[in-house]
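S.K.: The structure's right below; bear with me while I get my questions together.
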Amino acid sequence: MFPKSLAVSRKNSNLTKGVSGLRRLCSSSSTITGSPCPPRYDVAVIADLIEKQHWSKLGVHVTDINPNELFRQLISSELDPDLCLRYYSWLVKNSDISVSLELTFKLLHSLANAKRYSKIRSFLDGFVRNGSDHQVHSIFHAISMCDNVCVNSIIADMLVLAYANNSRFELGFEAFKRSGYYGYKLSALSCKPLMIALLKENRSADVEYVYKEMIRRKIQPNVFTFNVVINALCKTGKMNKARDVMEDMKVYGCSPNVVSYNTLIDGYCKLGGNGKMYKADAVLKEMVENDVSPNLTTFNILIDGFWKDDNLPGSMKVFKEMLDQDVKPNVISYNSLINGLCNGGKISEAISMRDKMVSAGVQPNLITYNALINGFCKNDMLKEALDMFGSVKGQGAVPTTRMYNMLIDAYCKLGKIDDGFALKEEMEREGIVPDVGTYNCLIAGLCRNGNIEAAKKLFDQLTSKGLPDLVTFHILMEGYCRKGESRKAAMLLKEMSKMGLKPRHLTYNIVMKGYCKEGNLKAATNMRTQMEKERRLRMNVASYNVLLQGYSQKGKLEDANMLLNEMLEKGLVPNRITYEIVKEEMVDQGFVPDIEGHLFNVSTKS
């Protein structure tokens with residue numbers, strides 16, 4: 001704390017500086033606009049009024065000069081920029097006068113010259129947050145009115161930061177690019193929040209652009225910046241590029257940390273395809289070799305990745321290693337294992353894991369119960385599912401929509417449609433709004449029971465609410481095709497398009513399969529033409545399988561043979577279903593396919 005005398009001395013020094021600046025200003029024969037300050041001004045009083053924020057008195061005192069003009073003259077003087085900032089704030093708040101960008105950024109230049117950086121940050125944050133409608137190019141023109149590139153760079157850097165912190169990522173990205181055009185050097189402190197804002201909007205390509213520009217402009221990245229870039233690349237499956245960025249870190253003297261490795265491991269786990277978990281495991285080994293200890297997040301990522309790769313033993317091995325290293329599992333760890341066990345039909349082991357979870361002091365949550373109820377339903381254990389559902393409600397927890405949907409689906413699959421509808425009504429009484437999944441379960445149940453009319457009625461209710469999705473249409477289409485009414489299924493294509501939904505291969509395959517089962521190969525072929533010409537969807541393996549089976553079962557084996565050759569000529573690889581159709585519908589019927597120049601061994605099943 002400064003002595004009182006010193007504080008007063010400093011205040012008087014600011015006031016003296018303000019007074020001397022105004023004295024020079026008002027003794028000048030002309031202003032910037034050529035209008036002299038009225039000679040009767042008591043400049044000491046003006047400065048003192050601004051210092052003390054006596055704005056009503058100031059307004060009376062300067063009636064002979066435009067407030068905006070006074071602001072221009074204050075900035076041009078040697079008045080302390082803090083006083084100019086106070087006057088600006090008062091002017092904007094208490095008058096209809098709009099301050100030009102040129103004057104606004106002159107103020108910021110004066111603050112930057114005085115090294116009042118925190119005030120610039122605060123000013124720009126409010127400037128952006130309050131919805132400034134100024135275009136970025138106009139702002140940069142105003143910034144460039146000062147010849148000091150260093151000062152301009154500081155202001156541009158803080159502007160990008162303000163845009164990023166206020167979720168104005170579009171403007172922040174444009175400001176970043178314009179900074180490059182003007183030659184203003186930004187810092188990692190503004191680039192990192194900008195990249196995070198872009199990443200939240202799934203603009204990974206723009207994150208990669210910012211990173212490359214940082215390298216080109218010689219902006220020193222830090223470990224946090226690198227981690228954001230790695231995350232963006234992993235989200236889009238660019239794992240090789242993410243690996244390259246890890247190498248770049250070393251070049252810039254940054255060591256990858258646990259977040260870097262976790263992001264890369266998670267990227268491999270979510271990538272899909274053969275060998276993904278082998279690569280994730282390799283990153284884990286590299287991590288340990290570089291003396292970076294795996295944490296709870298690392299283990300959770302691997303547990304989840306292994307069971308989703310149909311490698312439940314791998315998940316259990318990671319869980320054991322986790323315990324061996326004294327890393328305490330959390331609810332996410334247990335939920336992943338319970339999900340994996342339920343998915344693999346190991347219900348009793350899933351229940352046992354839930355019990356271990358509780359014994360370890362980790363309380364199950366709705367995700368835990370969702371996983372267990374889903375496991376019960378998938379394994380025809382409806383009674384156990386309902387008991388657990390009752391237990392959830394008994395604990396005062398509110399069941400999720402997904403939980404209700406699983407039970408409704410289980411009822412419908414057992415043919416207990418009325419019970420499914422009763423549960424939907426209970427759901428609504430509890431204030432839980434049924435979603436499209438709820439209706440899809442009920443429509444599917446009605447279709448399976450052959451009650452297509454009731455299914456269509458429920459579909460129409462859903463349509464009136466604007467809720468149907470592609471799954472809804474597919475369910476009803478399959479219902480019509482199952483009843484031998486494929487023409488009605490085909491008519492739903494138009495309704496689908498009216499709702500802005502785009503048919504996929506599966507959509508057309510359902511209708512083609514329906515026509516083939518009815519023996520109407522001409523209609524099936526017309527549907528293929530519609531798919532290829534109107535929707536520009538090329539036949540895939542599943543589409544060819546539908547027609548292959550249709551032609552074969554109709555006894556048109558030569559035509560089926562031609563389709564098989566056409567499929568191979570287009571470079572499509574037969575799958576297990578293709579081989580089964582060829583064997584059962586062609587070879588076993590005494591017809592050996594004539595494959596023209598292609599290797600096709602019917603004894604092999606891929």
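A Cβ is built for glycine as well, from the same backbone N, Cα and C atoms used for every other residue.
Just lifted these from Swiss-Prot, have a look:
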type   : residues : note
REPEAT : 152-186  : repeat 'PPR 1'
REPEAT : 187-221  : repeat 'PPR 2'
REPEAT : 222-256  : repeat 'PPR 3'
REPEAT : 257-294  : repeat 'PPR 4'
REPEAT : 295-329  : repeat 'PPR 5'
REPEAT : 330-364  : repeat 'PPR 6'
REPEAT : 365-399  : repeat 'PPR 7'
REPEAT : 400-434  : repeat 'PPR 8'
REPEAT : 435-465  : repeat 'PPR 9'
REPEAT : 469-503  : repeat 'PPR 10'
REPEAT : 504-534  : repeat 'PPR 11'
REPEAT : 540-574  : repeat 'PPR 12'
S.K.: Using a Cβ cut-off of under 8 Å, list the residues of the same chain at least 6 residues beyond the repeat 'PPR 6' (330-364) that approach it.
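M.R.: Beyond its ends, the repeat 'PPR 6' (330-364) has Cβ neighbours at 296, 299-300, 303-304, 306-308, 312, 315-316, 319, 322, 371-372, 374-376, 378-379, 381, 384.
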S.K.: In the repeat 'PPR 6' (330-364), how many residues does DSSP assign to helix, to strand and to coil?
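M.R.: The composition, in the requested order, is 26 helix, 0 strand, 9 coil.
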S.K.: To what whole number does the mean pLDDT across the repeat 'PPR 5' (295-329) round?
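M.R.: Averaging the confidence scores along the repeat 'PPR 5' (295-329) gives 95.
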S.K.: Quickly jot the same-chain residues contacting the repeat 'PPR 2' (187-221) by Cβ under 8 Å, restricted to those at least six beyond its ends, or write none.
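M.R.: Distal contacts: 157-158, 160-161, 163-165, 167, 169, 172-173, 176-177, 180, 228-229, 231-233, 235-236, 241, 245, 248, 252, 254.
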S.K.: Suppose I define contact as three or more CB-CB distances under 8 A, residues 6 or more apart in sequence; do the repeat 'PPR 11' (504-534) and the repeat 'PPR 12' (540-574) meet it?
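M.R.: Yes, these stretches are in contact.
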S.K.: By a Cβ-Cβ criterion of under 8 Å, what residues six or more beyond either terminus of the repeat 'PPR 3' (222-256) are in contact with it?
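M.R.: Tertiary neighbours of the repeat 'PPR 3' (222-256) are 188, 191-192, 195-196, 198-199, 202, 204-205, 207-208, 211, 214-215, 263-264, 266-268, 270-271, 279, 290, 292.
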